[in-house]
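Data first, discussion second: the structure below is written as structure tokens.
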Amino acid sequence: MIDPTLLRNNLSEIAEKLKVRRGFILDVDKFSQLEEQRKTLQIKTETLQAERNSRSKTIGAAKARGEDISTLLAEVDHMGAELNTVKEELANVLTEIEQLALTIPNIPADEVPLGKDDSDNKEVFRWGTPKKFDFEVKDHVALGEILGGLDFAAGVKLSGARFAVIKGQIARMHRALAQFMLDLHTEQHGYTEAYVPYLVNHTTLYGTGQLPKFGEELFHIKPLENEQTYALIPTAEVPVTNLVRDEIIDEADLPIKMTAHTPCFRSEAGSYGRDTRGLIRMHQFDKVELVQIVEPEKSMEALEELTNQAEKVLQLLNLPYRKVLLCTGDMGFGATKTYDLEVWIPAQNTYREISSCSNMWDFQARRMQARCRAKGDKKTRLVHTLNGSGLAVGRTLVAILENYQNADGSITVPEVLRPYMNGIEIIGK
């Protein structure tokens, strides 16, 4: 959530900056109208409180003199009733302002390129050279069928479209990938591993910005009567980041760096007809998430570090990729700056997103009231939060199957994964 004070004091400037966000126009007139109502009611509340306090003192003095105070008491009671009414009106206006503020995306950083969609993203660099095959390249679906390791028909039978059953050595590689990523991030990159709930409450989803705007993209769990309403997590970013909600952190304890391997659940609303074949776009997929909680002045530096750590996974797996700086029209709702990592997919002859690494600035921290304080300082300030995929396990599996395929349909196991697969070098029939 954007700082309300910043909105009040720089409304026109903020509205102009947010015009570059795809599909969003800040309703300046509505916000201004609500803000005027807030000011009027705030002044009225303060005036009534002052008058009531003054009359209360008058009552005390009159009573001490033995005077009749019944009229004064009636006036104070009337003021009290009027004050309660005005307070209620003020609370309603403040709620409206907050609800409007919750729909406003984050302000893009100055260095983010202007653009309408992903065609305007800026490529930063490419790493690795796509392999030239001397045979007809198969996609991961065909390879999975040859090896008996990807069963989409079973996924449809058990659940429906955009589900799959992974079996045998391919399932083992899927597990190995997650273990490899976690070991890399905990042993070399300084992250603490977390095991978190896959079901979260709505307060948690508000904290990281999924609600109220993106409710249709979530799988909601209908509770029994009088029970808490839950949603399945769309990413481990949600529970892991919310661990610092309502906390005041000693700045000496920052940065906090946490990683988690979880399944992720997304309805893929708005994705009808896109990537209907294979593992690229599923309702359920695994991901290793990276989260950092940092001091405000260090968040841009932390974004570079976090992105480099996600890149390291691709480099160790020797998978060609490119790094892309997202434009204003393609960034996520809560991000101020985002890098996407896109891995080479031979059968599609293109790069596909495998990681998105974002600096959320104080956007989530304000929603969560996550603060930090320097030693000896009474004042607190909002932390900055960052997150990124390190990596999406299913898409990494797709990239390995296609980039490491052999002419007979077998798959060469990347060297860094072999210790996790009991030394297996080739996955064959």
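Positions of Cβ are set from backbone N, Cα and C atoms, glycine also.
Taken straight from Swiss-Prot:
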BINDING   THR235, ALA236, GLU237, GLU289, SER389  L-serine binding site
BINDING   ARG266, SER267, GLU268, GLU353, ILE354, SER355, SER356  ATP binding site
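Highest local Cβ density among the binding-site residues GLU237, GLU353 belongs to GLU237, counted as other Cβ atoms within 10 Å over all protein chains shown. The CA atom of ALA236 (L-serine binding site) is located 12 Å away from the CA atom of ARG266 (ATP binding site). Spanning the residues ARG266, SER267, GLU268, GLU353, ILE354, SER355, SER356 that the record associates with binding ATP, the maximal Cα-Cα distance equals 19 Å. Cα spacing between GLU237 (L-serine binding site) and SER356 (ATP binding site): 12 Å, rounded to the nearest whole number. The distance from the Cα of GLU289 (L-serine binding site) to the Cα of GLU268 (ATP binding site) comes to 19 Å. Each of the binding-site residues GLU268, GLU289 was scored by other CB atoms within 10 A of its CB, and the lowest score goes to GLU268. Those same-chain residues not listed among THR235, ALA236, GLU237, GLU289, SER389 yet with C-beta within 8 angstroms of the centroid of the L-serine site C-beta atoms are VAL238, VAL240, ALA260, THR262, CYS264, LYS287, VAL288, LEU290, VAL291, ASN387, GLY388.
Annotation for ARG266 (ATP binding site): same-chain Cβ neighbours under 8 Å, separated by at least 6 residues, are GLU217, LEU218, PHE219, PRO234, HIS283.
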